[in-house]
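A.B. asks: Take this structure, written in structure tokens, and hold onto it; I'll ask about it next.
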Amino acid sequence: MGSLKLYFAGSIRGGRNDAELYARLIEKLQKYGTVLTEHVGSDSKTEELRKELEYNDEYIHKRDMEWLESCDALIAEVTQPSIGVGYEVGRAYAMKKLILCLYRPHEGAKRISAMISGAVNGENFFVKNYQESEIDGIFEEFLSKIK
Ligand SMILES: O=c1[nH]c(=O)n([C@H]2C[C@H](O)[C@@H](COP(=O)(O)O)O2)cc1CO
């Protein structure tokens, strides 16, 4: 396992349609280091997410902002729109973090927000349209940016 600290963002209250995908992405990221937000991929029947759902919102916000401050990179799956994920991306951008937003174009998908696609700068903010089969190469290339 690598030594990076990675913050994975994915929809929770915005809808859990992609939760199993999040779990698979998190598992791949764990090859590179610690995923601080492993619960984002947890099934709601597991102890981990059940505990998460019982924390109060102020606690969750404070904890997540501390994790965000401490991370080497933010990886956000943005296909399922989520206010919380958008907020995390904006806060991370203000912190000048290295950011990758992943978007899966598919039939019925909402268009990606211009606040995300329009923020791409070729320096620390990247957006990738992808299919899951491409993800190994995408992570390898993105995480190689961290010296
Ligand atoms: O219980 C939670 N725990 C938690 O860590 N979050 C964070 C991590 C996710 O990337 C993001 C999801 O936001 P939302 O719930 O608005 O979809 O917010 C969000 C919630 C619930 O809003």
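Glycine too: its Cβ is placed from the backbone N, Cα and C atoms.
Those TrEMBL annotations? Automatic predictions, nothing curated.
Pasting the relevant annotations from TrEMBL:
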- Tyr22, Glu88, Ser113, Ala114, Met115: substrate binding site (BINDING)
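What does the local environment look like for each feature on the list?
C.D. replies: Taking all protein chains in view, 23 other C-beta atoms sit within 10 angstroms of the C-beta of Tyr22 (substrate binding site).
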A.B. asks: Quick one: give me the count of other CB atoms within 10 A of the CB of Met115 (substrate binding site).
C.D. replies: 11
A.B. asks: So if I draw a 10 Å sphere around the Cβ of Glu88 (substrate binding site), how many other Cβ atoms end up inside it?
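C.D. replies: Within a 10 Å radius of the Cβ of Glu88 (substrate binding site) lie 24 other Cβ atoms.
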